[in-house]
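*Asks:* Could you have a look at this structure, given as structure tokens, before my questions?
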Amino acid sequence: MKKNFFVSTPIYYVNGDPHVGSAYTTIAADVINRYNKAMGMDTHFVTGLDEHGQKVEQAAKQNGFTPQAWTDKMTPNFKNMWAALDIKYDDFIRTTEDRHKKAVKRILDIVNAKGDIYKGEYEGKYCVSCETFFPENQLNGSNKCPDCGKDLTVLKEESYFFKMSKYADALLKHIDEHPDFILPHSRRNEVISFIKQGLQDLSISRNTFSWGIPIDFAPGHITYVWFDALTNYITSAGFENDENKFDKFWNNSRVVHLIGKDIIRFHAIIWPCMLLSAGIKLPDSIVAHGWWTSEGEKMSKSRGNVVNPYDEIKKYGVDAFRYYLLREANFGTDGDYSTKGIIGRLNSDLANDLGNLLNRTLGMYKKYFNGTIVSSSTVEPIDDEIKSMFNDVVKDVEKYMYLFEFSRALETIWKFISRLNKYIDETMPWTLAKNEAKKARLAAVMNILCEGLYKIAFLIAPYMPESAQKISNQLGIDKDITNLKFDDIKEWSIFKEGHKLGEASPIFPRIEIEKEEIVETKKELKIENPVDIKEFNKIEIKVVEILDVDKVEGADKLLKFKVFDGEFERQIISGLAKFYPDFKKLISEKVLAVVNLKFTKLKGEISQGMLLTTEDKNGVSLIKIDKTVEAGAIVS
């Protein structure tokens with residue numbers, strides 16, 4: 001494993017304000033960066049702003065500023081938001097900086113010297129907002145931008161072109177040989193399909209406006225914004241400015257770009273082709289996340305449903321907001337932001353599960369030992385089970401974090417929290433406290449809980465640094481928990497004899513949801529085909545999370561579901577293809593399944609259960625469960 005780690009967000013358009021989508025990407029980058037630091041790696045985390053282009057020039061003019069003054073004015077909007085979200089980046093890059101201009105000029109010179117740039121003329125439909133030309137084969141006769149929906153402009157101008165088509169085969173080969181180059185793998189297939197349609201050469205210059213980086217070998221031309229913007233990653237790593245830094249954080253790092261799925265084409269096609277031409281190492285992984293809706297609807301200013309991160313952290317706290325975004329949706333799929341969802345997570349996961357574990361532990365230690373650690377050498381099998389489970393949790397978290405499965409990593413940590421809560425019920429400290437001969441055993445139990453809580457605080461620190469530190473402080477340890485490494489917490493002897501624990505104080509206060517009036521209509525009850533309760537109890541129904549969905553080969557009606565039932569991944573075949581043509585949208589949904597049916601084979605595929613559905617005049621629908629309910633929850 002490489003010892004260095006480089007992670008980036010996209011650089012955001014300076015014209016806009018940060019929103020829940022950009023906050024999501026940047027929080028994710030912050031979390032993965034903090035995690036890799038805890039793994040003992042040297043890390044570099046860069047975010048920043050894309051400050052060139054026609055629309056920046058136009059916005060500056062409309063507001064009475066020069067382009068540079070306009071970008072200077074807009075920059076604090078992003079820096080202040082990231083500070084409010086407790087994001088600790090190593091570099092905030094602006095494309096107007098001299099170091100970046102130097103890097104862009106250098107990569108252009110390298111690519112040009114290789115013979116991969118030529119002069120031509122471009123005529124096509126252009127989106128000013130997205131600063132992108134679109135060939136007719138992407139428009140299907142429309143004059144609307146396929147990305148933002150705005151009207152396209154027919155533009156004809158002299159331009160310099162990059163021979164991107166030359167690198168199509170080399171890029172396909174690289175993607176094939178590096179399975180994790182594009183994540184999730186569904187995006188990988190999308191990119192491969194696009195490349196196989198035939199790559200066109202890329203227009204990389206403009207001469208109809210002036211706000212950009214001049215091209216030395218093309219007087220009167222400035223660099224096309226994407227060729228400019230994408231280079232920011234190597235600029236930050238030290239390209240053409242700090243050779244040692246570049247060697248460390250690009251050539252000898254695991255290099256990861258976190259992006260939204262709308263810009264996957266630029267990052268997974270244009271950027272790698274540029275690097276192939278320049279002879280520079282390609283990134284190790286390009287990870288594209290989904291979009292967020294709000295209360296089930298697309299966010300838009302006209303609807304008034306855009307989620308403002310400032311409002312959310314004011315209501316729920318910064319850590320609850322960070323936790324919810326990364327727990328609620330798998331990183332590669334779309335997510336829905338809802339008031340009910342975040343309150344449910346805060347009350348259930350944070351206040352009930354974690355908060356109660358901390359309060360119970362500290363309360364009992366104060367009651368039984370006056371809040372002072374008493375050492376004990378008594379060990380029972382259940383203690384070893386807890387320690388063994390923690391080791392497994394660390395391994396699973398490492399596996400999920402490597403693949404950017406933030407939600408699965410958090411779910412794994414919460415299983416350990418649940419296990420410690422159950423450990424209290426199993427060991428019954430209140431009963432041990434009544435017997436003086438059991439005081440040593442009581443101390444051993446309480447110490448397991450304190451040690452476990454400190455380890456939990458360490459594991460959640462990348463996600464919730466402020467709350468993790470509060471837990472540490474309440475356990476009587478004031479050192480900065482975000483600076484610890486995994487080696488610092490692997491032993492179960494952190495708390496020494498005489499150590500004084502702190503005072504318990506609620507970290508996650510519960511939020512009450514206003515109860516809606518429930519109107520019941522009484523009808524005469526008739527039961528047809530009654531089932532004996534003993535027979536019904538034989539059926540085991542669980543909440544399962546849909547991990548992936550595909551069509552069954554050779555069967556138009558069948559879908560193959562990969563689900564997680566809280567313990568195991570299983571495959572279930574269901575005849576739902578007709579009712580879910582966009583079946584990939586089902587990924588990350590929680591549904592109900594019968595999990596103790598005899599396995600059966602359908603069209604050569606093993607089905608290990610049955611998904612429960614409803615049927616009415618509108619068709620057949622899966623029974624979807626609130627995402628706050630854990631996979632594996634039993635329906636009874």
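Quick reminder: no glycine exception, Cβ is built from N, Cα and C everywhere.
Checked Swiss-Prot, it gives:
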BINDING   Cys127, Cys130, Cys145, Cys148  Zn(2+) binding site
BINDING   Lys301  ATP binding site
DOMAIN    535-636  domain 'tRNA-binding'
MOTIF     12-22  motif ''HIGH' region'
MOTIF     298-302  motif ''KMSKS' region'
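Are these features on the surface or tucked inside, and what are their neighbours?
*Replies:* Counting every protein chain shown, 12 other Cβ atoms lie within 10 Å of the Cβ of Cys148 (Zn(2+) binding site). In the three-state DSSP classification, Cys148 (Zn(2+) binding site) falls within coil.
In this chain, no residue six or more apart from Lys301 (ATP binding site) has a CB-CB distance below 8 Å.
The DSSP breakdown of the domain 'tRNA-binding' (535-636) into helical (H, G, I), extended (E, B) and coil residues amounts to 7 helix, 53 strand, 42 coil.
Counting same-chain residues at least six beyond the ends of the motif ''HIGH' region' (12-22), those with a Cβ under 8 angstroms from any Cβ of the stretch are 47-51, 55-56, 59, 70-71, 74-75, 77-78, 81-82, 260, 291-292, 299, 306-309, 312, 325, 337.
With a threshold of 8 Å between CB atoms, the same-chain residues lying at least 6 positions outside the motif ''KMSKS' region' (298-302) that come near it are 19-20, 292.
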*Asks:* State the count of C-beta atoms found within 10 angstroms of the C-beta of Cys145 (Zn(2+) binding site), not counting that atom itself.
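*Replies:* I get 21 for this one.
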*Asks:* Within 8 Å of the Cβ centroid of the Zn(2+) site residues Cys127, Cys130, Cys145, Cys148, which other residues of the same chain have their Cβ?
*Replies:* Val128, Ser129, Thr132, Phe134, Pro146, Asp147, Gly149, Lys150, Leu152
*Asks:* When secondary structure is assigned with DSSP, how many helix, strand and coil residues does the motif ''KMSKS' region' (298-302) contain?
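*Replies:* Looking at the motif ''KMSKS' region' (298-302) with DSSP, the answer is 0 helix, 1 strand, 4 coil.
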*Asks:* Where does Cys130 (Zn(2+) binding site) sit in the DSSP three-state scheme?
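*Replies:* Note: Cys130 (Zn(2+) binding site) is coil by DSSP, not helix or strand.
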*Asks:* Just give the helix, strand and coil counts over the motif ''HIGH' region' (12-22), going by DSSP.
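*Replies:* Per-class counts: 3 helix, 2 strand, 6 coil.
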